[in-house]
Amino acid sequence: MALVESPSHTYEKNVISPPREKLEHEFPEGGLQAWLTVIGGWMVVFCTFGAIQSFGVYQDYYSRVSLSEKSPSDISWIGSVQIFFLFAGGIISGKLFDDGYFKQLLFVGSLIYLISSFLLSLAEPHHYYQNFLAQGVGIGLGMGIVFLPTLSVTAHYFKKKRGLVMGIILSGSSVGAVVYPIMINHLFNGPTGFAWGVRAVSFLDLGFLITANLIMKTRLAPRRTDPHAGPINLRGILTDIPFWVALFGTVVCHPLFFYIQTFAVKHDLATFLQTYALSILNAAGFFGRTLPMFISDMYGPFNVIIPVTFISGCMVFAFLGATSVGGMLAFAIIYGFFSGGFVSVSAPVAASFSYNVGEVGTRIGLMTFVCSFGLLTGNPISGAILDPPRYNWVKPVVFSAVTVLAGTLFLLLARQMQVKRKGTEWI
């Protein structure tokens with residue numbers, strides 16, 4: 001606070017601390033520590049979002065072997081609760097990240113994740129609650145603590161390249177979503193079996209998460225230790241109507257990746273597709289998570305997320321025709337690319353509403369929190385209306401496609417509101 005004199009009176013003027021102001025407005029856009037943080041972030045996303053996208057393999061294995069007495073909807077609750085905690089955890093971890101607790105979040109979340117992962121290997125067949133608690137709740141909580149801070153920390157180092165860098169980090173989920181299904185399929189269905197298969201995956205996660213903890217660092221001083229840093233305008237965020245319209249657009253988009261492998265098995269597609277369909281879809285998602293982010297840096301995240309979400313919704317309808325080798329390959333590649341684009345650009349869309357870098361974690365945290373409720377309910381609803389053992393695929397496909405297209409309309413409305421606010425089409 002500084003005193004400013006005028007001819008008639010003396011008054012106080014708010015002055016932001018010059019060092020912090022300089023740091024917040026001058027981004028290195030690179031450097032050794034910046035890229036080490038990106039590499040560490042890639043590893044964390046590989047182990048979290050990449051692992052979750054392999055749940056389709058668990059869904060198929062549980063329904064055929066260890067939890068065969070349970071319905072697809074019951075089994076999908078394990079994955080849905082896991083992904084719920086991954087995203088819902090952002091409401092807490094985002095605020096704690098903005099307050100400067102990045103290293104503590106990364107360590108505690110990694111510890112919970114790894115302990116729960118090894119506990120999953122001890123789950124006994126036909127003991128549903130053990131899988132639910134270890135995989136759904138335990139691993140999900142660990143993921144939720146580390147995921148959002150990993151995305152948010154890049155905002156400390158990059159501004160012009162922020163979208164591209166976030167895309168690079170999120171591409172870790174695509175690589176993980178390729179590696180995990182192949183690895184798990186071969187381990188679970190081979191001589192290794194479930195228990196040691198889960199342990200092998202856990203040791204892979206252990207190596208990546210230890211490395212990430214060692215190399216990732218923040219750049220800006222914590223807001224809680226800076227007397228000149230004002231509090232986050234939470235009321236302004238909560239009353240930001242365009243922001244909430246955009247968030248609602250993301251919450252209603254329900255993916256189908258839990259059921260890709262089950263679909264291939266039930267339609268008796270070629271054996272390699274039964275094993276690799278999910279990995280092929282996620283491999284296409286690698287390019288979907290990077291190329292759209294590069295384009296979003298040039299033309300704005302809203303101008304990218306709307307078309308990729310619309311095409312994703314249309315492609316869900318095409319899932320019904322993926323009953324041949326060629327059809328499944330075409331669907332997996334095209335849907336994988338565009339759905340990957342939706343996932344990656346969602347975070348920059350939320351961040352684009354921020355008035356300063358200190359709001360980024362909170363904004364993305366709210367986005368992931370709101371999204372988590374759609375992800376929690378979407379797959380169990382699809383599993384319930386799938387109507388096993390008849391497996392009527394039309395109902396879940398139409399449900400998923402309609403919700404994604406409805407989400408596109410809300411994103412389009414939010415974009416128009418932002419265009420009026422900012423006075424530019426490039427948002």
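Start at 1 and count along the chain as shown; that gives each residue its number.
Quick reminder: no glycine exception, Cβ is built from N, Cα and C everywhere.
The domain 'Major facilitator superfamily (MFS) profile' annotation in TrEMBL covers 34-418.
Only residues 6 or more beyond the boundaries of the transmembrane segment (32-55), in the same chain, are considered here, and those with a CB under 8 A from a CB of the stretch are 78-79, 82-83, 86, 106, 113, 139, 143, 146-147, 150-151, 153-154, 157-158, 165, 168-177, 179-181, 184, 201, 204-205, 208-209, 211-217, 219, 257-258, 278, 282, 285, 343. The transmembrane segment annotation in TrEMBL covers 32-55 (among others).
The transmembrane segment annotation in TrEMBL covers 75-93 (among others).
The transmembrane segment feature in TrEMBL is assigned to 105-123 (among others).
If one looks beyond the transmembrane segment (129-151) by at least 6 residues along the same chain, the residues whose Cβ comes under 8 Å of a Cβ in the stretch are 40-41, 44-45, 48-49, 51-52, 58, 62, 66-67, 77-90, 93-94, 96-97, 102, 105-106, 108-117, 119-120, 122-123, 166, 169-170, 209, 212, 216, 347, 361, 364-365, 368. What TrEMBL lists as transmembrane segment is 129-151 (among others).
Per TrEMBL, the feature transmembrane segment maps to 163-184 (among others).
Summarising the annotation, TrEMBL assigns transmembrane segment to 196-216 (among others).
TrEMBL lists 237-257 (among others) with the feature transmembrane segment.
Away from its own ends, the transmembrane segment (269-288) comes close to residues 50, 53-54, 56-57, 171, 173-175, 177-179, 181-182, 185, 257, 260-261, 263, 308, 323-325, 328-329, 332-341, 343-344 of its chain (Cβ-Cβ under 8 Å, at least six residues beyond either end). The transmembrane segment feature in TrEMBL is assigned to 269-288 (among others).
Feature annotation from TrEMBL assigns transmembrane segment to 300-322 (among others). Counting residues 6+ beyond its ends, the transmembrane segment (300-322) has Cβ neighbours under 8 Å at 163, 246, 249, 253, 256, 263, 288, 292-293, 328, 330-332, 334-335, 338-339, 341-342, 345-346, 348-349, 352, 393-394, 397-398, 400-402, 404-405, 407-408, 411-412, 414-415, 418, 425-427 in the same chain.
The transmembrane segment annotation in TrEMBL covers 328-352 (among others).
Residues or ranges marked as transmembrane segment in TrEMBL: 364-385 (among others). Within the same chain, residues 71-77, 79-81, 83-95, 97, 147-148, 151-152, 237, 247-248, 250-256, 258-259, 346-347, 349-351, 392, 395-396, 399-400, 403 sit at least 6 positions outside the transmembrane segment (364-385) and bring their C-beta atoms closer than 8 Å to a C-beta of that stretch.
What TrEMBL records for 397-414 (among others) is transmembrane segment. Long-range Cβ contacts of the transmembrane segment (397-414) within its own chain (Cβ-Cβ under 8 Å, at least 6 residues beyond either end) map to 242-243, 245-246, 248-256, 302, 305-306, 309-310, 312-314, 316-317, 319-320, 349, 374, 378, 381-382, 385.
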Spatial neighbours of the transmembrane segment (163-184) far in sequence, C-beta under 8 Å, 6+ residues away: 38, 41-51, 53-54, 56-58, 61, 150-151, 154, 157, 197, 200-201, 204, 261, 275-276, 278-279, 282-283, 285-286, 288-294, 296-297, 301, 340, 343-345, 347-348
Beyond the flanks of the transmembrane segment (237-257) by 6 or more, those residues with Cβ under 8 Å of it: 53, 55-56, 278, 281-282, 302, 309, 312-313, 316, 319, 339, 342, 346, 349-350, 353, 359, 362-363, 366-367, 370-371, 373-375, 378-379, 381-382, 396-397, 399-400, 403-404, 406-411, 413-415, 417-418, 421
Long-range neighbours of the transmembrane segment (105-123), counting only residues six or more past its ends (CB under 8 A): 44, 47-48, 66, 93, 96-97, 130-131, 134-135, 137-139, 141-146, 149-150, 194-196, 198-199, 201-202, 205-206, 209-210, 212-213, 216
Overall pLDDT for the domain 'Major facilitator superfamily (MFS) profile' (34-418), taken as the rounded mean: 89
